[in-house]
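Participant: Sharing a structure here in structure tokens format.
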Amino acid sequence: MAPASKADRKAVVDAAAWMFNVVTSVGIIIVNKALMATYGFSFATTLTGLHFATTTLMTAVLRWLGYIQSSHLPLPELLKFVLFANFSIVGMNVSLMWNSVGFYQIAKLSMIPVSCFLEVVMDKIRYSRDTKLSITVVLLGVGVCTVTDVSVNTKGFVAAFIAVWSTSLQQYYVHHLQRRYNLSSFNLLGHTAPAQAGTLLLVGPFLDYWLTNKRVDAYSYNLASVTFLVLSCTIAVGTNLSQFICIGRFTAVSFQVLGHMKTILVLIMGFFIFGKEGLNLHVVLGMIIAVVGMIWYGNASSKPGGKERRSLSLPTSRQQKHGSLSDSNEHDGKV
């Protein structure tokens, strides 16, 4: 009875974590779209720096209140993470500017196979045939939904390549650092958010000027734009935290695969808000395929052998074999 209760409790917490991430991610997309399209605040990198500055403030308050315990993250690991994370943010912004929307979406989809590759090489993860097929179905469905015009140029390809690998490495390290140094999501954010805020607020205004030919200090601030700016920063705290919670509880691959549900929800909300001119048969078909793939992935990856870490040693006796099987269920098992 106790194991079942524990499993039920875990399922509830997992579902709550995913819901938290979906709500905050979709919310920040809508707010940022209004901020940039309606009020002309096109300084994406600086905005991200403000997001992390707000997150830093939140972690400082929680640490002062005693909700976050002191922890240690080696400086080389922190610098490595910040490097990947900032290249991810800058790379995605530059990729969006230099590439067609279609190629930008293809680049985002390619993060799933890259994340799989990192888990196979770095963590010795083994995927079952059903898990691999379900990932392929998700990629196909989201691709049908989102990929339209596709044109490629050299500098756009380089930007997309950097964005894909840096984002995949950043998400891999979220899971890796939490596991290796026994850090909670709050603890890891407490280490990384200040460094990201400082570097992005330092580089952001110059990068945004290069991308938009506009200066953030010359922007015409008013009550409405500042309200949306504060709202964006507030929601971003939840987005950053929920990402660390989800990747920490699952893996970067699961976060990427199931995270495409947000893409589907954004498309659906766009149809309701902006009209149904974009709603056609191939988009609806793509949504159905993607959702089927996500359900299949959740089922396939949770089964024994669906997604496991390979054991590094082979048992030499029957007793050792039973012991290693027990250990692998507890420590390796499903990830």
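Placed from the backbone N, Cα and C atoms, the Cβ positions cover glycine too.
According to TrEMBL, the protein carries these features:
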type	residues	note
COMPBIAS	313-327	compositional bias 'Polar residues'
DOMAIN	23-297	domain 'Sugar phosphate transporter'
REGION	302-335	region 'Disordered'
TRANSMEM	12-31	transmembrane segment
TRANSMEM	43-66	transmembrane segment
TRANSMEM	78-96	transmembrane segment
TRANSMEM	133-150	transmembrane segment
TRANSMEM	156-174	transmembrane segment
TRANSMEM	186-207	transmembrane segment
TRANSMEM	219-241	transmembrane segment
TRANSMEM	253-275	transmembrane segment
TRANSMEM	281-300	transmembrane segment
Participant: If I count Cβ-Cβ pairs under 8 A between the transmembrane segment (186-207) and each of 43-66, 219-241, 281-300, which range comes out on top?
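Facilitator: By the under-8 Å Cβ criterion, the transmembrane segment (186-207) pairs most with 43-66.
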Participant: Does the transmembrane segment (12-31) reach the transmembrane segment (219-241), going by 3 or more CB pairs under 8 Å (6 or more apart in sequence)?
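Facilitator: Contact criterion met.
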Participant: Who are the chain neighbours of the transmembrane segment (78-96) in space, where the CB to CB distance is under 8 Å and they lie at least 6 residues beyond its ends?
Facilitator: 44-45, 48, 104, 107, 156, 159-160, 162-164, 166-167, 169-170, 173, 177, 191-192, 195-196, 199-200, 203, 207, 211
Participant: Under 8 Å for C-beta pairs, could you tell me which stretch among 43-66, 156-174, 219-241, 281-300 has the largest tally with the transmembrane segment (133-150)?
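Facilitator: By Cβ pairs under 8 Å, 281-300 leads among 43-66, 156-174, 219-241, 281-300.
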Participant: Same-chain Cβ contacts of the transmembrane segment (156-174) under 8 Å, 6 or more residues past its ends?
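Facilitator: For the transmembrane segment (156-174), the far contacts come to 77, 80-81, 84-85, 87-88, 91-92, 94-95, 98-99, 103-104, 107-108, 110-111, 114-115, 118-119, 122, 188, 243-244, 247-248, 252, 255-256.
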Participant: Can you give me the average pLDDT across the domain 'Sugar phosphate transporter' (23-297), rounded to a whole number?
Facilitator: 88
